[in-house]
Structures are given as C-alpha cells and as structure tokens.
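Over in TrEMBL, the protein carries these features:
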{"type": "TRANSMEM", "residues": "B:18-36", "note": "transmembrane segment"}
{"type": "TRANSMEM", "residues": "B:56-78", "note": "transmembrane segment"}
{"type": "TRANSMEM", "residues": "B:99-125", "note": "transmembrane segment"}
{"type": "TRANSMEM", "residues": "B:145-167", "note": "transmembrane segment"}
{"type": "TRANSMEM", "residues": "B:174-198", "note": "transmembrane segment"}
{"type": "TRANSMEM", "residues": "B:234-253", "note": "transmembrane segment"}
C-alpha cells in the first residue's frame, strides 16, 4: 500500500515567539501503525492537535484522506477517532452514556457494546465516571476514540495508567483493527510497548522531524553485539582486534557482530591464546537504545 | 446542529443538579406563596407576589447564570472541550448549540414558573384576587405578569450573554457565576447613583445597567423618567448589548487554542 491517509507538509507553529514546530513533514500510510516518539516537549501533542484541527498553524498543509484539515475545516474529522493528552470525562455521566453521547447516530448499540467488551469495561460501564480510577478513565478515552470504527485513529500516550493486562488487551485490539485496515498514529513514552506495535516510526526532537523510517530499517541499522566475559579481557581485546574483529567502545568486551562473525571462531581464537571464556551474551540494541542514539547524534549535529 | 443541541440536552438531563434546581424553584415559589397568604403584611400582597411569579423570576436568574457558566466552563474544566472540537462540526456550531440549549432551558424555567404560579393562584388565592383585576398603570394582574415575564426575559438574556462571555474568557465556572450574580444584584445598589449621574451626563443612559430596568419600565410607564429611555429604545438597547456580548464570545471561542 502506497497511499497515505495523513499528509503533513512543511508545518510551522509558534506559541508566541517560541517556534514549537519547524518545517514538519511526514505522512502516514493507510493501514500502518505509526509511532510518534520524542523527548518531553518535543512537540508530539502539538503535532497531533494540529492534525485534529484544534489550532491554527502559521504555515504548512495537513490533509487527511485528501481533505484539508484546519480549525475552520473539519470535514475530514468524520473519519478520525482520537485521544489527546488525557481523556475528557464528564463525572456525572456513566461510561456507557459517554459512548452514547459521542458516538455517531449510525453507530449501533451492538457496536458500542462490542468495544466495551473488547476493552473489558463491562463491570463498570454503567457506573458514573466520577468513581473511575485513572486506568478506567483511560480505557474509556480509548473506547471513545474507537467506538465509531474510524479509518484513522490518533492516540496520545494510550498506555498511560493501564495495567499490564489492559496493555496487552489494547495491543491486541490495535493490531486486530490495523489488520482490518485502520490506520493508527500513536505516541508513547513506553518505547518497549511501542516497539511491539508499530510499523513505522516518526521521531521528533525540538519541533523537528529527525527520523522517519520503518521499524524494520531502524532495527537493521542497529548494532548487534557479542558480549564476552573472559579471564583476561585486556589480552582478549588485543587478540581480537589483531585478528580483524571490530570491538565496541566501552568497558565491556563486546564484538560488533557481522554476517561473518562465528562464535566458534571467536572461542577457538581466544582459547588458542590462553584466554578462558566465562560468559557469552548476544545483545540486540532495542528501540530505546536506537532512539537514544539517534537523539544524541541529532544534538551533536545541531551544535 | 440538531444533533449538537440534542447532545447538550443529553448532558443537561443527566445532571442531578438539573432536577434539583427545578424542584428548588417550585419549593421556593410555594414557600413564598404560602407566606404571602398567611402574612401578606410582611411577605407582600398576593397580587404583588403573583406578578413576579412568587419570586420565581429572581430564582430563574440565579439558576440560569449558574447553568450558562457551567455549560461553557465545564468543558474546559473536564477537558472535554477537545473531544467536542475534534469532530466534523465547526467550532461556531458547538458554541451556538450551547446557546440554543440555554435558550430552551430558560424558556422551560419560565413555562414551569408560569404554570406553577397559576396553580398557586387557584389553590391559595382564588378568593383573594382575580387575574382580570386592575393592577397598575391600567394593566390587569395577568397583563402585568406577562409584561414582567417578557421584560425579565430580555434582561436575563442581557446578563446571560455577559455570563457566557465571562465563562468563555475565564474558563472557570466560579468566576463567571460570581461576576454574573454580583453584577445582577449590584444593579439595585448602583442604580440610584446611576440615575443621579444620568441626570448630569445624559449619554450614560445607554449603559447596559440601565437596560436592566426594562421590566420595571414595561410595567409602569412612568419609569422612563428615571431611565430617560423610551420602552422601544430599551428593548432595542438590551438586544443590541446581548448581540454584542454574544458576538465577542463567538470570536473568542473560534480563536481559542485548546
């Protein structure tokens, strides 16, 4: 699939004098789950709010499914479900009444109960929302975003306040919906959770896009390490580098793995040189490491 | 737009306070009716009480000030404003749907209070006065009540337009309610000073506080010597001020970042 449901082109946004978004451009492919990540205050929520037509931007263009989005042009919002920052909840309404209130008239009772069921909210859906815990409110917020079965769903920190089981349930719901063609734009700080979900990644720092790639590419671009513990690390380092192995910087003895790296060769080489191997570990750098590296390099580039 | 008004009504009808307030209105009206029957000397003559809906008009102002400030400010307080806005509807429509809901709510209050006042009259005062009795300024009791209702409806909406504007600016229920209520009752205190000042600088007659005397003027035409405005001028003035406040709210609401 090559058609994009969301296109953001050269988006600029100022809050007073401070420029919070600088020439932001990215697109979200239909049916993909896209992660929007970045440090606190990088502009994630700002981007999401702009995409939802919640405020004016100084320049740029946002289209959803080909339709322009701005505070005065909201037609495309009919296809969008969203949860931004924290769920807005009326304390005097029950969970079910919220879903009734915000769902379209075309959304049936069965559809409402379906999402209640999937989110496992049955036991408290008819209780007033003022009695809800943080996690329950969060679930209701997610249910509100999904109840109309929109084509495009925007979730800002959806895992906030959810327990591990609810997290797992949510992941399943998102993956199932994505399989059926729903597109997701999700921001999260919990990178290990995001890693299990997203197809593509948009990384933002200080209001600028620093990286947009698929997860697969990010993973393949990262280093795989073979971490060794030996009787004499210093000697082992010398021997290995003399024999053409690339070593990673740092205190630990770690070989950067390539296609040719064979464990047996390493063991043989070291034992031939009188170094005993005490422990071996394969280390893949995860999303967190890759991301932190990315942001670190980006800052170097900027200065 | 109909969908949006339905949604606002849905929220209003699911608030406990909506029912509590209606019940309170009826209880207070009954209380003042009973007091007026037993002690007319202290609590006012039955006719006087009847024409002002057994104090109902004053309570309706209070309840509507609270309702108008909360229908706007609660959305900011609960964070639901985003959910309202990122839908296919235009911002202006959201605000106007709230206004329409409040207009319907105020009409509901007047209808309830009017019907209840008739009931009180029939039950408690059938022997005391007739609706066709002459009251003041050549009007009958019934006519006086109607003029009072029309006048107070216009002035209430002048106050409410200001409350809706304040709720929009401050995003806080408390601020909008207190300024609205203080403003409404401050009129009685400042009006005497205002009338004196108006004798000196006539243009002051166009200030919005003066418009609040509309009900008084509708009932007794001699009141225009105080307000220095003719009744049509006052009606027009009230409507113009209401429109101005509404227009400012509309512009603010449309421009606001959430």
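Heads up, the Cβ atoms here are built off N, Cα and C, so glycines get one too.
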Contact yes or no, the transmembrane segment (B:174-198) and the transmembrane segment (B:56-78), 3+ Cβ pairs under 8 Å, gap 6+: yes
Surrounding residues of the transmembrane segment (B:56-78) on its own chain - C-beta under 8 Å, 6+ positions past either end: 8, 12, 21, 24-25, 28-29, 84, 98, 101-102, 105-106, 109-110, 113, 116-117, 148-149, 152, 156, 159-160, 163-164, 166-168, 170-173, 176-177, 180-181, 184, 215
Among B:18-36, B:145-167, B:234-253, stretch most in contact with the transmembrane segment (B:99-125) (C-beta, under 8 angstroms): B:18-36
